[in-house]
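Q: Got a structure for you, written out below as structure tokens; questions coming shortly.
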Amino acid sequence: MQKKTRKERLIWLDIMITLLTLELMSYFYYGIRSVFLAGICVVTGFVAELVSLRFMKRSFTADDLTCTSDALILALMFPAVMDYHISVIAVLFAILVAKNLFGGRLNMIFSPAAAAFVFVLTSWDGQLLQYTEPHVKTGLFETPTNLVRSASYVFDHTGTFDHSDFEVLLGNFSGPAGAVSILLLVVAAIVLMMRRSISAGAFLGTIFGTGLFAVVTPMVSSRADSLKYSLVTNMVLFSAIYIVSDLRIAPKRDYYAFFYGLFIGVISYVLVLTGAKENAIVIVSVLFTPIALGFRHLEKKIDTAEQEHSEVNAGEAAVTAAGEEAASHE
């Protein structure tokens, strides 16, 4: 148990390090406003976790620090100029409702950040889907002006993406504060998979499902462009890492996790293709909660059957050994 607990804390640390690098890039493009927003979200998440645990009569441990990573994930899914009060409400919903209402970190149903994002999308979509251009620095309490739609929205509706590959890699296009830094996200995905801090099966399944359909049923005339832009827009890469591949949610076995991610990747791509639904993968990840739960339930049954089988084999081996020993004495 102690080893498992330590592993959970190391996973949280790995996740936080990669998130902080994304936040640093966000600061480069959008200034101190982005950092301040992230700070508000993290502090709100921490306080909400403390209050929740107090009501549940539990003590706060290092494992409960996942509330801060959930809050930071949510902040990076927001525009850098998101209203503070909406951000606070969103984080409270993520921690109090989406997480602790169902029993806390040991009984996760869906990603708190994803659930909160969908909640904000249904209530304040105008605030959520309007962005400043990169390199536009907004003051801490300044009202943002000249807001634009994301590059994802433009691509979904027109099939055009007026940015060079170099700009794409560096995240120099409009969109959520932390979900556009493609090069950093690729590095984060590789590092987290190598350290087993995310579900490799779920991540690869999501990328494969999205990429496969982007080639088979392309959104634009060029299949290569369809593949490339389908993976870098609509928070696909970010969500594949921090939401779909969350070890608290995804199936434990990579085989099942792959198909779980595959279904999410395919359905979200179809929604973007047919309805131009921006950031559809976040919505689908929440809706596909029953599939994740079904896979995990199946895994428990398999584990139980394997344990019973091993116990039976051990018992038979013990009986055989006892019989052989008795025969040797005779």
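The first residue you see is number 1, and the count goes up from there.
Cβ from N, Cα, C; glycine included.
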Q: Identify the transmembrane segment range according to TrEMBL, selecting from 74-94, 200-220.
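A: Transmembrane segment, as annotated by TrEMBL, spans 200-220.
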Q: Kindly point out the range from 1-22, 45-66, 309-330 that TrEMBL annotates with region 'Disordered'.
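A: Matching range for region 'Disordered': 309-330.
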Q: Do the transmembrane segment (280-298) and the transmembrane segment (226-244) share at least 3 Cβ pairs under 8 Å, sequence separation 6 or more?
A: yes
Q: Okay, the transmembrane segment (173-193) and the transmembrane segment (226-244): do they have at least three CB pairs under 8 Å, pairs separated by 6 or more?
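A: Judged by the Cβ rule, the two regions touch, with the required three close pairs present.
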Q: Which bits of the chain, at least 6 residues beyond where the transmembrane segment (109-126) starts or stops, bring a Cβ under 8 A of a Cβ in it?
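A: Result: 70-71, 73-74, 77, 83, 86, 89-91, 93-95, 97-99, 102, 239, 242-243, 246, 249, 279, 282-283, 285-286, 289, 292-293.
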Q: Please give the sequence-distant neighbours of the transmembrane segment (36-53): residues at least 6 beyond its ends with Cβ less than 8 Å from one of its Cβ atoms.
A: 23, 26, 59-60, 64, 67-68, 70-72, 74-76, 78, 80, 82, 84, 87-88, 90-92, 94-96, 99-100, 104, 140, 177
